[in-house]
Amino acid sequence: GTKRLPRAIVVGVKKGGTRAVLEFIRVHPEVRALGTEPHFFDRNYEKGLEWYRNVMPKTLEGQITMEKTPSYFVTNEAPRRIHSMAKDTKLIVVVRNPVTRAISDYTQTLSKKPEIPTFEVLAFKNRTLGLIDASWSAIRIGIYALHLENWLQYFPLSQILFVSGERLITDPAGEMAKVQDFLGLKRIVTEKHFYFNKTKGFPCLKKPEDSSAPRCLGKSKGRTHPKIDPDVIHRLRKFYKPFNVMFYQMTGQDFQWEQEESDK
């Protein structure tokens, strides 16, 4: 095989379900994906395209090389840089309800730095006035419409696939069908590849032919979220709502994050 630059990149978003998409798609025989995040278009760009090509897995003619680095979606220079590598690059963005995404993001940081302030403290500039601190990355990442604007200056919508992090859990085969169609692949990853793991609360891959154990995402996935003050959740929902609505309009897709809330 030969090392080639990726033809498709999972560019976002952090804590949206990007690892799941990568693990699920690499079951496909026509996909070779890099397991680690190369962070080329945000942190390692000065190393050059040759370095980037070199970290890729080898592929055979006709196979698609892929990588995922969820921080690209919020990196200002990433769209321009990817476009200058190859303007026909296919982009995959896994999104989930920005409120749950923010809490998940916080939970991950908390597991590494138990001494950080509470979510409630970090979420507000001014708690009394209810002013959300949109400069805190856990909150800023979820303003999807804002980041998407940057990408649309370089790429048409037809080259971007938005995967629902929620549906990835409830209907992994359905979401993966869209991913395979988008990449121009035969639908090989289907229902029969998944089972639902009740302990983790999300789908796992049934055992691949060449190994004995089923593949679930690592221990760091599916962490229990801390209890967050319901008033803070309510304020965050209100904060995100106009951005979500704008995002639905921009993508032509309703992710139903508002409905979810009214059901509860």
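Just so you know, glycine gets a Cβ as well, placed from its N, Cα and C.
Please treat TrEMBL annotations as automatic predictions, because they have not gone through curation.
TrEMBL annotations:
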| type | residues | note |
| --- | --- | --- |
| DOMAIN | 6-241 | domain 'Sulfotransferase' |
| BINDING | K15, G16, G17, T18, R19, R96, S104, K221, G222, R223, T224, H225 | 3'-phosphoadenylyl sulfate binding site |
| ACT_SITE | K15 | active site, for sulfotransferase activity |
| DISULFID | C204-C216 | disulfide bond |
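For C216 (disulfide bond), the same-chain residues 6+ apart in sequence whose C-beta sits under 8 angstroms from its C-beta are N197, K200, C204, L205. Its Cβ taken as reference, T224 (3'-phosphoadenylyl sulfate binding site) is surrounded by 7 other Cβ atoms within 10 Å in the chains shown.
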